[in-house]
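What Swiss-Prot annotates here:
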| type | residues | note |
| --- | --- | --- |
| BINDING | Asp33, Glu57 | Mn(2+) 1 binding site |
| BINDING | Asp85, Glu88, Glu213 | Mn(2+) 2 binding site |
| BINDING | Glu88, Gly89, Thr90, Tyr119, Arg164, Ala165, Arg166, Asp186, Gly187, Asp188 | substrate binding site |
Amino acid sequence: MNQTLIQEILEVVEQAAIASAKLTGLGQKDEADAAAVEAMRLRMGKIEMKGKIVIGEGERDEAPMLYIGEEVGSGNGPGVDFAVDPCEGTNLCANNQRGSMAVLAASDTGGLFNAPDFYMNKLAAPPAAKGKVDIRNSATENLKILSNCLDLAIDELTVVVMDRARHKGLIKEIRECGAKIQPISDGDVQAAIACGFAGTGTHCLMGIGAAPEGVISAAAMRALGGHFQGQLVYDPSIAQTSEWADYTKEGNIKRLNEMGITDIDKIYEANELASGENVIFAGSGITDGLLFDGVKFEKDCTRTSSLVISTLDSTCRFTNTIHMKDGAKSINL
């Protein structure tokens, strides 16, 4: 992996975001996702690399492109593994709600955990709390620790939690401690990363979301120096989702074992989910969000707002890009 790859990866998420944004608010979540997938795949194909999708749009027989195991890039150059979500928050995009973005994580070959399409209990917190809060603790204990780490009273803390029935008890406990809840309907990657930056108004992410997105969040938090832990959830009664109606707890354990995951209750740290020597996170807003704006279409240009975090050069780049149209006559600042 090299410096040139950072710019290339930025352009990958920008193009995916633009493609999805054209369908924002139209109620067409599947079409928005498909547009982002196609745009991301097309731009990836132009990169000089031996790329491979390790987390993507599903198995080979489930997705036409960006499927797990698909080779991307020119076939020459450095080996790069990708975890991608071309339109994270498809419902958010379809309904023109905040928080949808095109997102990916990249690392050296073998550097990203090949997460199953399961759920994951997650804990994200700022760099000041890294290694101090712990997913094994109760929410109450972690809020006390976080309060000390950030020198804030508990009633000054805001915790992001997915608005799901499974989190009823968690939300109750957090509020009884005096902390505030910021519920989100979808898309916990941006919420997790926002915890790593001061000034976003959010201090912690707790609760259960999708495991593949957990790997992307972990990559970003590792590069940022923030705290992230994840634990796979294999019990459908805990996840409380109809998507697992055909699976039993025993069946899910069998699936994990078949994937080579025998320590099914393992707590994964950020540097285990994103273990490569080099790690890059890139996200570009489709709709406005906690970290950056969504795509803006203007008469003579299209504007994107993005974030790239890289261990290659220890940088966080917030990037506003103007994509000029042919024959553009006037570009506003």
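Every residue, even glycine, has its Cβ placed from backbone N, Cα and C.
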* With Glu88 (Mn(2+) 2 binding site) as the reference Cα, tell me which of the binding-site residues Asp33, Arg164, Arg166, Gly187 is the closest one. => Gly187
* **Using Cα positions only, nearest of the binding-site residues to Arg164 (substrate binding site) (Asp33, Glu57, Asp85, Glu213)** => Glu213
* Out of Asp85, Thr90, Gly187, Glu213, the binding-site residues in the record, which is closest to Asp33 (Mn(2+) 1 binding site) when you go by Cα distance? -> Thr90
* About how far apart, in whole Å, are the alpha carbons (Cα) of Asp85 (Mn(2+) 2 binding site) and Glu57 (Mn(2+) 1 binding site)? -> 7
* Asked: Where does Asp33 (Mn(2+) 1 binding site) sit by DSSP, helix, strand or coil?
  -> helix
* Structure fact -> Rounded to a whole number of Å, the separation of the Cα atoms of Glu213 (Mn(2+) 2 binding site) and Gly187 (substrate binding site) comes to 9
* Structure fact -> Other C-beta atoms within 10 angstroms of the C-beta of Asp85 (Mn(2+) 2 binding site) total 30
* Asked: Given the Mn(2+) 2 site residues Asp85, Glu88, Glu213, which other residues of that chain have a Cβ within 8 Å of the mean position of their Cβ atoms, reported in sequence order?
  -> Gly89, Val103, Gly187, Val189, Ala210, Pro212, Ile216
* Glu57 (Mn(2+) 1 binding site) and Arg166 (substrate binding site), distance between Cα atoms, whole Å -> 25
* Asked: What does DSSP say about Glu213 (Mn(2+) 2 binding site): helix, strand or coil?
  -> helix
* To do: List the residues of the same chain that sit at least 6 positions away from Thr90 (substrate binding site) in sequence and have their Cβ under 8 Å from its Cβ, in sequence order, or write 'none'.
  => Lys29, Asp30, Ala32, Asp33, Ser100, Asp186
* Structure fact -> Cβ-Cβ distance under 8 Å, sequence separation of 6 or more, same chain as Glu57 (Mn(2+) 1 binding site); the residues meeting this, in order, are Val37, Ala63, Met65, Leu66, Tyr67, Val84, Pro86
